[in-house]
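As annotated by TrEMBL, domain 'Ketoreductase' applies to B:7-189. According to TrEMBL, the NADP(+) binding site annotation covers B:T38, B:N88, B:Y153, B:A154, B:A155, B:S156, B:K157, B:I186. Look at TrEMBL and you will find B:Y153 tagged as active site, proton acceptor.
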Amino acid sequence: MSEVLERVRKIVIDHLDADPDKVTEKASFIDDLEADSLDIVELVMAFEEEFDIEIPDDSAEHILTVGDAVNYIQDKLAA
Amino acid sequence: MFELTGKTALVTGATGGLGAEIARALHKQGAKVVLSGTRENVLADLAAELGDNAFIAAANLSDSASVDGLVAKAEEAAGSGLDILIANAGITRDGLLMRMKDEDWDTVIKVNLEAYFRLARAATKGMMKRRSGRIIGITSVVGVTGNPGQTNYAASKAGMIGFSKALAQEVGSRGITVNCIAPGFIASPMTEELNDAQRATILQRIPAGALGNGADIAAAAVYLASNEAGYVTGHTLHVNGGMAMI
Ligand SMILES: NC(=O)c1ccc[n+]([C@@H]2O[C@H](COP(=O)([O-])OP(=O)(O)OC[C@H]3O[C@@H](n4cnc5c(N)ncnc54)[C@H](OP(=O)(O)O)[C@@H]3O)[C@@H](O)[C@H]2O)c1
């Protein structure tokens, strides 16, 4: 498992108080992990802080699953 | 009760009658206060009066960029995250609607309502992370009752109330409350210029039989800012001596 995935999973598990087994790359924040729209705003803020990056609102809109977040962050870190 | 030690508050319009009293009262309860306004010498005098735990962050609220930067500036001045936002600065540009200039409408909406939106948006971020916060807008009885010659002002103040209710619902689950205080007729340099007849007419409408003073508003602000008021949100607290029972 990639390091980014592990860090993202940890944030998601902590923040949503989610069952670690459910926090897979495919998991949708809203459909599978019971996040609401405010949780998503907070998760994005937490990712920004953890990885020291900025995630503009129009990109954040496309981050729907754990995997989306990991891909976005990896691209951003590579750039 | 109503202890604010360890909290940091930003008060806009701290150079004005009500703002200065609010800042003094929060400070007295132990809060660090960041004073904002445009008249830097008046801010400096008040900061000197309060001594420790008082800081200055001047900003012109009719300039969007300055408003957007004010919360960060205040946090930097105080060296701590913002727990309490008091959006108190406000202006009037009175006139009958048929004679109202675009500029009078725009300026009042900008300083009274838009600045509240921008400040609350900036303050909410840190408050969400800390899972606590107090956002308080100083509106007016006129925002609920209306008043001839004040369509712009009444719209801005009613707007603050609706805004606060919507935001209160958005952030309620994060320990942040959003409330308004609606002063009625408060003694100020302006009301000192009323003649006896004018004063008597006004007092007839106030069951309490007197104008309010800044301390009446400041006490309401201390309450809503306190931990004890944590279960009060989306509310407008009317402090008007019974002038309008709403
Ligand atoms: N007094 C009353 O009877 C009464 C009744 C109902 C509601 N209110 C509300 O209570 C609040 C305070 O009223 P007050 O009586 O204390 O008024 P005030 O003495 O006239 O003070 C107004 C404050 O707003 C600030 N302000 C105005 N334009 C600004 C701008 N462009 N940028 C930054 N700051 C600006 C002023 O700061 P600078 O002078 O430093 O620019 C001043 O500190 C207002 O929102 C008012 O609508 C008052």
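Yeah, the Cβs are placed from backbone N, Cα and C, and that goes for glycine too.
Positions of the features from TrEMBL, shown on the structure.
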residue : record               : Cβ neighbours (10 Å)
B:T38   : NADP(+) binding site : 16
B:N88   : NADP(+) binding site : 28
B:Y153  : NADP(+) binding site : 24
B:A154  : NADP(+) binding site : 21
B:A155  : NADP(+) binding site : 17
B:S156  : NADP(+) binding site : 28
B:K157  : NADP(+) binding site : 27
B:I186  : NADP(+) binding site : 21
For B:N88 (NADP(+) binding site), which of the three DSSP-derived states applies: helix, strand, or coil?
coil
Given the binding-site residues B:T38, B:N88, B:Y153, B:S156, B:K157, B:I186, return the subset with CB under 6 A from an atom of ligand 1, ordered by sequence, or none if empty.
B:T38, B:N88, B:I186
Checking the spread of the NADP(+) site as listed (B:T38, B:N88, B:Y153, B:A154, B:A155, B:S156, B:K157, B:I186): what is the longest Cα-Cα distance, in whole Å?
24
Quick one: what's DSSP say for B:I186 (NADP(+) binding site), helix, strand or coil?
strand
